[in-house]
Amino acid sequence: MDCHVEYDGKFDHKNAVLLIGNPNVGKSVIFSKLTGIHVMSSNYAGTTVQLMTGKMEANKAKVPVVDLPGTYSLQANSEAEMVAVNILNQGGRVIVCVLDATNLARDLMLARELEKFQVPIVYALNLVDVAERKGISIDSKELGRLLHAPVIETVATKNIGIPQLKESIAYFYHASIDSSERLDSSFKTLHDESIDEIVNQVETISTVKQTWIDRIGEAMLRPIPGVPIAMFVLALSLGIVVGGGKALRSLLLLPIVNDFYVPNITALVERFLSEGALQNILVGEFGVLVKGIEWPFALILPYVLLFYFVLSFLEDSGYLPRLAVLVDGLLRKVGLPGHNIVPFIMGYGCAVPAILGTRASTSYKERLILTCLISIGVPCTAQTGAFIALLGDQSILALLFIFILSFGVIIFAGTMLNRWVPGRAEPVIIDVPSLLVPNFSSFMKKIWIRLKHFLLEAEIPMMLGIILAALIFETALIHLLGSWLEPLMVHWLGLPKEASITLLLGIIRRELAVMPLLEMNLSVLQLIVGSVVALFYLPCISVFIVLVKEFKLKVAIYLFLATTTLALLFGGLIHQIGRFVLFLLER
Amino acid sequence: MNLYEMKKNTRCFIEGVPNNQLLSIFGIRPGCEICVLTRQPFHGPIVVKHKHRNIAIDKHFALNIDVRLVN
């Protein structure tokens, strides 16, 4: 099953079912249920920032479905909303408008705007289970009568109401409907008060005792205990990723790779190939069959897996918008409203979805600052795993230093960019969703999608990078490269000549700017310098392509130059200062 | 008085709002009753409970929302 079907510009959306709704109403889950394509969904606004397309079965025919980015209105306040409006303007066969049963009045405002498109509408009244928990009951039949369209109650995560929704979509898709009759209805001319009247007619609210999860959800929004809880969540997340990853690596994965896989594959290759260049390329120092398995699977994968476990849990539980509220005041000092904490945290997974996530930002200034900060100082999860593998066993303090430095540079760069980049951060409203216990099946599927994506995206470039490294070492090109870069690598950075390979491989993938250092028996100071260079070094090829696509080539090149300069400057300064301190200590 | 001046756990009626679509979408309109849940430090947002939703309203919006205390 395809898990990543982005809009390619050729999709026939005029004949498609258009799925639209406010952010965080469960649109992506409904899209998954209709099409069988599992797309990422989360419990916060702005998960879908690009068009997703798929096909659903309607009366034995395959019908195209488009999942539009969530939008509060059709005023197009952000780039993601603009995409939704553009597609709607071009038309479709049926609109499926997803309504949040806990927020009917708000969602009906968008529903009202949709009437002007003269396309039949089917309403999916989602999250009725959460509404029930809050004591909200909605008469969906009466709502349908007032909206002149079918309203299907759904709990998408549990597949409740999905068959009925499919039937309804199929009926409207195939039937020839005179939509003009419906558009002449009084609903078109209703004002805000009229929406309130509709809500008053269909919604009944009974007082229910606040559940423990709702109480925790509210407590998390108060500075006390919200801030201590945030610190605890951060420490726990780090503990799970770093501690759990280290345990998984040393107790399970490294023994399998080093004690079982490597001896066997080496023996097998040596049986068929005599000593020489080809044998070395396969199972030598940078053997592709050795390092190509050890690096991604034994050293990086445990951290990636646990990071996605933590991130997915935070996303699905609805904790991230609470964190966004708590850090809003602080983040604004670097020109970013609090909700940007979500793509920022995602950047610690991979910069590509994080940069795409900035499409939900409401100003170009916000997008640019956030993208710059992610590109400059946020290590991706694979690179973090590489840092832990490199420094964790040698010096925890050195590892801590790398992350503190990264954080310091992010704050400094953010403050400067906030001054330099024209414009201002727009005032925002954050809709804080209910705190939820994540749905186990969606949660596991999400981790699997991310892991699969990592393996597909990382393994091939990593193998290619390792082959390149093996060839460079085998053909003695490393000496040539080392000589060219000697003034920089040896004199300025204090690293051995062979470390030049990291600057080359780091272009392919960020962790490859770190991993070769594992094999070079470096001192702690050299490990720190190497890590600092890798941390700030230019973003990998995938990020560079996204930067060009999302911004302009000029922005991508500026970032390329800024990150490289920063990496070499910081690395060199740390080496020179470290050497001076060591000299003083030795005297 | 404006919403930003409200202390936490106070209930108030909205009397006037700036012309902004986001506020209207979230139901922050004259006549509605809200409860101030928390105030965030460093000039952060003010979190209000409106019906059964928690909404964080930016300081710049809150300063321009006129409110009247519920007795």
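Glycine too: its Cβ is placed from the backbone N, Cα and C atoms.
Heads up, TrEMBL stuff is auto-annotated, nobody curated it.
Values in this document were obtained by computation on a predicted structure and should not be read as measured data.
What TrEMBL says about this protein:
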type	residues	note
DOMAIN	A:14-175	domain 'FeoB-type G'
TRANSMEM	A:229-248	transmembrane segment
TRANSMEM	A:295-314	transmembrane segment
TRANSMEM	A:334-356	transmembrane segment
TRANSMEM	A:368-390	transmembrane segment
TRANSMEM	A:396-417	transmembrane segment
TRANSMEM	A:460-485	transmembrane segment
TRANSMEM	A:524-548	transmembrane segment
TRANSMEM	A:555-577	transmembrane segment
*Under an 8 Å Cβ to Cβ limit, what residues of the same chain, 6 or more beyond the ends of the transmembrane segment (A:229-248), are close to it?*
219-220, 302-303, 305-307, 309-310, 314, 319, 323, 326-327, 384-385, 388, 392
*asked:* With CB pairs under 8 Å as the measure, which of the listed stretches A:295-314, A:368-390, A:396-417, A:460-485 comes out on top against the transmembrane segment (A:555-577)?
replied: A:368-390
*Take the domain 'FeoB-type G' (A:14-175) and average the pLDDT across it for me.*
86
_Residues of the parent chain within Cβ reach of the transmembrane segment (A:295-314), under 8 Å, 6 or more residues beyond its termini_ = 233, 237, 240-242, 244-246, 248-249, 253-254, 256-258, 320, 345-346, 348-349, 381-382, 384-386, 388-389, 438, 443, 446-447, 450-451, 454-455, 458-459, 462, 466, 511, 515
